[in-house]
């Protein structure tokens, strides 16, 4: 058989189409498509037409495109490039291009990514470098329009299309006649626009071309969506890492804004995806000092005419922190940066500080508005390319600084996702300033408190003259300053001048302070400490003890009842319960020392009003302490005195002993809140019941002292018994004290009526003062009787207090009955008068005058 020519084969195939179909169904898939799709550099005969290609099964083409996706899984651009090569061949287009869609500064735009892809072009030649991108908004060109409407567009003659722009043609010298553009969409977001340009074998792209283009671009869409999803995952991962680490570092540093920013920004540097970033911190001064304004007002200095922040501050960057991430990591801090520093010379940070805008700039050195440095900014040779600048705004919406990020690491410009990440960061940093501001305010308040405390202490602390009025060292030792005296000499002098405890009835439950001056009461208080033998045992400096005692006296305000006399009486009763009542056997000397001192301080700085009034008037004390308001204030005042070494009577105790004293102060003073009395009295009653059944004193002591809680419950009830002890005094004393208490209550009632505009309760209503005996009887029955009855059961030595209480109840009951009798007589007389008045009215109605009996409506003639 002779050699068959090519022409003969073509003629045979044309005359036998059925044979040709069978042959190509078997052979073309492997031989022809293998050359077309697998070898990007293989030449394909240009005469191969679409009808000829569509004779091949479409599944084979899909398989080849999937193989391309698998081979180029690492780069969506490379996969898209290979697909565009094949589409250019299939559609018989002169070339294909792909434009990516993004947004900057809130404005969507398209940018060239792959340009002029042909069946034989190389990827490197078609890929557009980030610094050579052609970028234009969506209102320019057909590509922008397709991205805007998100629909494919087949333009047969571009000159007749109103959306066509010849911008690209002028740039490249290319002539566009017709084109087919299709958007690639993920949800509602356009990722890219792919375009086929200039149909070769026809004047325009056909409907069949549109179908093929859209069909096979779905593979490109899958690759781009995968890449976009991966990018979004990276964005969210970076955002969460930035927030987590910045929060971690922000709360590590609360004292200084600069250190707070630096710790946060340095820690998150790896997640910012840029070569370099800088933070400019703004001066927060809103008003100049008066002496800084003098030169301006006198004309010696020109007034500031530069830009200002939205809140009116002069834009002055007092510090720049420059973070270098390219090459060797480095941090530069530039205090008081000059205006020509490369971070400021462009004017962008100033513009952002003035307007509060986010500025995302592509190819920043070419910008005409801002003057960025076009060459290297420093000796590293680093050059500015892309810039993203944002304001740092605090919770008050004041701009406190400007953060500027330079050159995204992948070379691309910063996009909207970078804007969101950095905006999240700057917002968090701005809001975190609330921590440092709060810390600063707290520090200032603490300083003001310390100053106020010092001022108050200066007024209340016993002066040297007041101390010498009790410790007469000048007269006795003939020295001018107390520091020249020895401790034993001062103690001897003090013992000589203090009153005799028996003569002053300090051991008696019936003690009365009325015959004694307030100054002498200070001496009596000092005597009580000497009587319990704690001064020498715990090495209490005599001068310190005297100063503390006198200062406690001055700490009590001159109110009607809760004054120094009441404070002393409570201290004296505590002493009497311990010594005369023999409760001291349950407590150590240190505990007795603390209990006596706490009793003297229990109402220090009382305002003459109760806790309820503090809450009603929303006083600072009520805002500071939620419960037991005044008691907690008395406790804090007492602890404040002990913080001053010259007043700390416990200064020679060890740490553990001092902690014990403070705890006992807390228990004792808070226990004087009567609101807590009803909670503790059941516990106390159980202790008394148990002790009453004990066979010996030793057994009782062991039972009580073995449990610190029992000792605290007893101590708390002792404080209540001391606080209410005026109700147990002899009648001539108790009746006067009751009037003092009542007067203080009435004064509070007057305040409630005038200041708070509220009606006081009967106990504090001055208009119901005649009901005082009845109220006293109720108070004795409801509150007091239990306390002294149980203490009498607990220790028989305390029975005199119960007897005094019962005697006073008889007196108050008698007065209450007298008052009730008077009220009854008054009511009876008022009733009789009403009856007489009503009887007289009835008689008048029945036996009226003749004139009254005449009818006013009918006249008899």
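Residue positions begin at 1 at the first shown residue.
Every residue, even glycine, has its Cβ placed from backbone N, Cα and C.
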Joining 97, 169, 170, 171, 172, 176 at the 3',5'-cyclic GMP site recorded in Swiss-Prot, out of 16, 116, 248, is 116
Of 566, 625, 633, the one that Swiss-Prot places in the same divalent metal cation 1 site as 602, 603, 723 is 566
With the fewest other Cβ atoms within 10 Å, the residue among the recorded positions 170, 562 is 170
With neighbours defined as other CB atoms within 10 A, the best-packed of the binding-site residues 97, 171, 172, 176 is 97
Candidates 566, 602 (binding-site residues); min other-Cβ count within 10 Å returns 566
With the fewest other Cβ atoms within 10 Å, the residue among the binding-site residues 169, 723 is 169
By Cα geometry, the one of the binding-site residues (169, 170, 171, 172) nearest residue 566 (divalent metal cation 1 binding site) is 171
Among the binding-site residues listed as 116, 169, 172, 723, the Cα nearest the Cα of residue 562 (active site, proton donor) belongs to 723
Looking only at the domain 'PDEase' (486-819), mean pLDDT returns 95
Residues sitting within 8 A of the centre of the 566, 602, 603, 723 CB atoms (divalent metal cation 1 site), not counting those, run 562, 567, 569, 570, 599, 606, 672, 722
Cα of residue 97 (3',5'-cyclic GMP binding site) to Cα of residue 603 (divalent metal cation 1 binding site), in Å and rounded, measures 88
Rounding to whole Å, the Cα atoms of residue 603 (divalent metal cation 1 binding site) and residue 171 (3',5'-cyclic GMP binding site) are apart by 91
